[in-house]
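See structure below.
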């Protein structure tokens, strides 16, 4: 299975364990009902329509259920999407880092966020800096920026 090449043996074993936990009727596939119950157990709730969409997005054999290989492929696709987003956010950081020193000064951040429509107010920008500036150096480095983006 092609998706397995993207994961370590330990990751595949963990995914199998989780898959088996979701497959409450032991049919080797996850139904919409099982997926819904799983999400409820994690404190998340989705409509039947949302769950059906999740299944149809990865149900390559159109069985109406998700087997292990389909689940693994779905996870792989999400990882690829996140990688693209991370590259996109890295480029955004580089574009805002006008002096190229690897961190965003309050001025660089203000310039970037003030150009947004509608422009962001100084008070909001200051709050963003305070939230993101983990090492309290008054700037946002690449790692802090990525953590901020992922928390949104």
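From the backbone N, Cα and C atoms, a Cβ is placed for every residue, glycine too.
Region 'Disordered' is the annotation Swiss-Prot gives to one range among 95-121, 122-148, and that range is 95-121. What surrounds the Ca(2+) 1 site, by Cβ distance within 8 Å of the Cβ centroid and not counting 23, 25, 27, 29, 34, is the set 22, 24, 26, 28, 30, 31, 65 from the same chain. In the three-state DSSP scheme, residue 108 (Ca(2+) 3 binding site) falls into the helix class. A separation of roughly 45 Å, to the nearest angstrom, links the Cα atoms of residue 29 (Ca(2+) 1 binding site) and residue 133 (Ca(2+) 4 binding site). A gap of 54 Å separates the Cα atoms of residue 137 (Ca(2+) 4 binding site) and residue 25 (Ca(2+) 1 binding site). When DSSP labels each residue, the domain 'EF-hand 2' (46-81) comes out as 25 helix, 2 strand, 9 coil, counted as helix, strand and coil in that order. Within 10 Å of the Cα of residue 103 (Ca(2+) 3 binding site), the following binding-site residues from the list 63, 139, 144 place their own Cα: 139, 144.
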